[in-house]
Amino acid sequence: MTIFCSHCHRPLQAEMSCLPRRAKQAPSASRPFRSTKSASKARRDQINAELQALRSLLPISAQEKERLSYLHTMALVCLRLRGAQLFPPGLAPPAGPALGTELLSLLPGFLLVLSADSKLVYISENVAQVLGLSVVELLAQGDTVFDILDGQVGEDVHKKLLLAQEEPGREVTFVSEMRTSKAFRLQHGGNRVVAVCGRFVALHWPPSPSTTAFLALCTPIAQSPTDGEAGSQDDIFQSMHILDMTFIDVTESVTYHLGYHREELVGQSWYSLLHPEDADLAAAQHRAVGESLGTGPAAGTAVLRVLRKDRAWAWLRVCARRDGGCITCTCRGLR
């Protein structure tokens, strides 16, 4: 039986004659796309030269430049480009480095500037005193504010930034854990809780997303002991609520933190004491606790502002759990 070639439909003996012709065509077709070791090295050398040129333009010391990796170099370049777009050099007033350092030392926290799309534009150098990370090390986390915040509050922060953007000049505040150095976490048992207070400002007229920036002061909140650490009972108070968060009982130490007596709170709603800007975060925690079944570990922790009897706002770290048909909150005052 004669077997025919599947390509040229000739007898098998003739099949061998068709293969060399096809083999000869393949190299010529692929040759333009072939990469050689010398070409790859030339491309790497060109990229390295470009990165060295960019690094040389950064306004930092030669010692700092030597420590920059390629990732850090690109992160700093992107930060400077975004800053130059919002703050053109010709419009920025001259400021000496000594004056800048002196002013920063007087602040209770560090300065943060964001673009309209939440990109990092500026972080003041004293961030290292708060988070244990330099500006360069912090940028290695990412280029948006959400990259340096605890991911659990990302949605709430996004809503507040949108609200501030819709109403320029309106001040918003949110509290979140920010990423810190490993040494800081080992010393303090976790990341740093920071209150971010700021507003969107139009830098040029007419205002547009490309000419507005979120200017904020980030103030550290004193770290409170973790649940496993021994601490004074005066640092906390506990409250019990029915499932709609109406008070049914609260410990007497609430007077020290909020100024109310137990009898004044029983029957009131927890939501009547919350700051309006923290209501969404508290509601999310409430839903998580309500969906948990039976007695179990805490469903979540949130940092909230609660109204004191003297009409001031107190920062509380609230840890909630569901105990059957009730919700128990352990609240620790923050400074």
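Backbone N, Cα and C atoms are what each Cβ position is placed from, and that goes for glycine too.
Keep in mind that TrEMBL annotations are predicted by a computer and have not been checked by a curator.
As the structure is a computational prediction, the values presented were derived from the model and not from experiment.
As given in TrEMBL:
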DOMAIN    31-84  domain 'BHLH'
DOMAIN    102-168  domain 'PAS'
DOMAIN    247-278  domain 'PAS'
REGION    21-43  region 'Disordered'
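Taking DSSP states H, G and I as helix and E and B as strand, the domain 'PAS' (102-168) has 34 helix, 13 strand, 20 coil. This prediction places the mean pLDDT of the domain 'PAS' (247-278) at 92.
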